[in-house]
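Undergrad: When I checked Swiss-Prot for this same protein, it listed these features:
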DOMAIN    27-196  domain 'Helicase ATP-binding'
BINDING   40, 41, 42, 43, 44, 45, 46, 47  ATP binding site
MOTIF     139-142  motif 'DEAH box'
DOMAIN    216-367  domain 'Helicase C-terminal'
BINDING   374, 391, 394, 397  Zn(2+) binding site
DOMAIN    513-591  domain 'HRDC'
């Protein structure tokens with residue numbers, strides 16, 4: 001049976017062998033007919049685990065997903081590969097839904113995608129009772145657990161299937177973010193024996209994780225986006241206001257930027273999302289509302305401009321980078337005042353127990369920002385992996401920046417804060433240290449302080465950056481409230497007493513992630529033109545990974561093209577000639 005599965009994989013998807021865990025998951029549902037849980041990292045190929053069995057079984061596989069935007073992309077990709085599939089959701093007209101339900105009754109589809117809310121429809125359950133449903137795949141299965149970071153009560157509707165379908169289908173639950181408690185809950189809710197779990201770990205070896213502390217965020221984002229101007233990326237923020245601010249800044253810098261958050265109209269969000277998927281926008285600035293169901297495989301970087309609320313959210317959002325397996329970066333820009341933003345959002349909850357749980361998770365997120373250990377290892381241990389190895393490539397593992405003693409400068413700043421009675425914010429303190437003639441500085445008599453102008457060889461901006469560094473290393477703390485004031489921590493007072501020294505590493509450079517060759521860029525243009533004609537996102541035609549391999553191997557005929565990962569029979573027949581022509585034209589030009 002596995003031989004047939006491999007043959008289908010090559011024919012439809014263009015891959016010669018399964019990735020880790022895929023063959024075991026397929027065996028459990030097709031041969032053993034066991035309800036199965038798949039815990040695999042984002043980009044680990046979870047969808048193949050149910051798409052191949054769907055092709056092997058008679059009847060229609062039902063796929064339950066909360067991600068409306070993902071449904072269309074996945075169905076487009078399946079149809080591009082020559083597989084009959086459809087979806088229904090709330091974005092469609094009654095006529096469209098009626099036609100697709102008729103197709104479902106007639107057995108026209110191998111896979112049929114729905115949201116969990118659809119299971120409350122008596123009419124829909126009756127249709128399922130009248131057709132052959134061999135397999136039900138439940139994507140984003142962590143949504144069924146009250147212990148998960150994204151619990152959705154609608155997922156409890158899945159219980160209806162167990163009650164109402166006489167011929168019990170095999171259940172497959174899939175997730176990329178499940179702590180041990182969430183895993184237990186998934187198995188309990190979906191009648192899965194824990195030993196029937198395919199677990200390939202959470203490690204994403206193609207992702208490089210970094211935490212940037214004590215740096216000017218705006219400058220870092222500007223330089224990073226400029227250095228990676230040919231790559232797609234997402235900048236996440238905790239609030240709509242910050243998303244709007246960064247978006248406007250990038251637009252002023254001539255960046256092809258979009259924005260996405262709950263304060264925008266539905267049609268605006270949809271238009272921005274489609275432009276990003278179609279490579280018309282380089283960068284999307286967004287709150288956590290964006291990304292659930294984004295199957296764009298060539299996102300090369302994810303920057304978090306503010307700390308997320310918990311590790312599950314962070315890993316899920318960061319994990320949208322590099323889904324095609326190519327090298328990508330996930331950078332978290334840490335600033336202590338961002339903790340207060342998340343605390344405020346958490347404290348809006350009326351449930352005391354949930355508040356306590358969420359504050360504990362936020363504390364773990366802050367620990368991640370301060371750890372000097374391997375960042376990938378910290379994440380894996382959070383998700384329950386025992387003694388994972390250091391990744392050797394994250395910002396902490398590869399940090400060779402020289403550290404300079406800045407104790408004297410730190411004492412100047414700390415002394416100034418105390419002399420200002422610890423009643424003012426960062427900008428005012430920086431202005432006093434720089435010797436500013438600002439009206440407020442003079443009115444408050446700060447020009448008479450011994451620390452006035454003591455750092456006049458630096459700009460107010462440079463001093464503000466240095467204060468940010470002292471805050472991030474807990475020498476200075478900030479009060480709560482809309483206009484936070486600075487006060488010296490006990491650690492900072494030890495510096496003033498001469499009992500503790502302060503060392504600062506050189507600023508982290510915003511470097512380019514990868515260098516792309518000319519042929520790869522030409523193949524990307526061919527792909528973009530085809531995608532525009534077909535009305536699908538470019539990655540649905542071929543992934544960046546497939547184009548990279550084409551660029552490296554430069555196939556000259558159909559057989560050689562079929563040996564490239566991601567080129568199946570259908571796509572070879574449909575697009576092969578255009579890509580081979582471009583490769584041949586490039587070869588002639590460079591001879």
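Placed from the backbone N, Cα and C atoms, the Cβ positions cover glycine too.
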Undergrad: Test of understanding: give the count of other CB atoms lying within 10 angstroms of the CB of residue 47 (ATP binding site).
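TA: There are 20 of them.
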Undergrad: Just checking, which of 40, 374, 391, 394, 397 (binding-site residues) has the fewest C-beta atoms within 10 Å of its C-beta?
TA: 397
Undergrad: Here's one to test understanding: among the binding-site residues 374, 391, 394, 397, whose C-alpha is closest in space to the C-alpha of residue 44 (ATP binding site)?
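TA: That would be 391, nearest by Cα distance.
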Undergrad: Near residue 41 (ATP binding site), which residues of its chain come within a Cβ-Cβ distance under 8 Å, counting only those 6 or more away in sequence?
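TA: Spatial neighbours, sequence-distant, of residue 41 (ATP binding site): 176, 200, 201, 202, 203, 204, 319.
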Undergrad: For the ATP site (40, 41, 42, 43, 44, 45, 46, 47), what does the 8 A shell look like? I mean other same-chain residues with CB within 8 A of the CB centroid.
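TA: Leaving out the recorded residues gives 176, 323.
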Undergrad: Let me spell it out: for each of the binding-site residues (43, 44), count the other Cβ atoms within 10 Å of that residue's Cβ, using every protein chain shown. Which one has the most?
TA: 44
Undergrad: Between residue 45 (ATP binding site) and residue 391 (Zn(2+) binding site), find the distance joining the two CA atoms and give it rounded to the nearest Å.
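TA: Counting only the Cα atoms, the answer is 21 Å.
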Undergrad: Using the Cβ centroid of 374, 391, 394, 397 as the reference point for the Zn(2+) site, which residues of the same chain not in that list have Cβ within 8 Å?
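TA: My list of surrounding residues reads 209, 375, 376, 377, 390, 392, 393, 395, 396, 398.
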Undergrad: Could you give the Cα-Cα distance between residue 394 (Zn(2+) binding site) and residue 42 (ATP binding site), in whole Å?
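TA: The Cα atom of residue 394 (Zn(2+) binding site) is 18 Å away from the Cα atom of residue 42 (ATP binding site).
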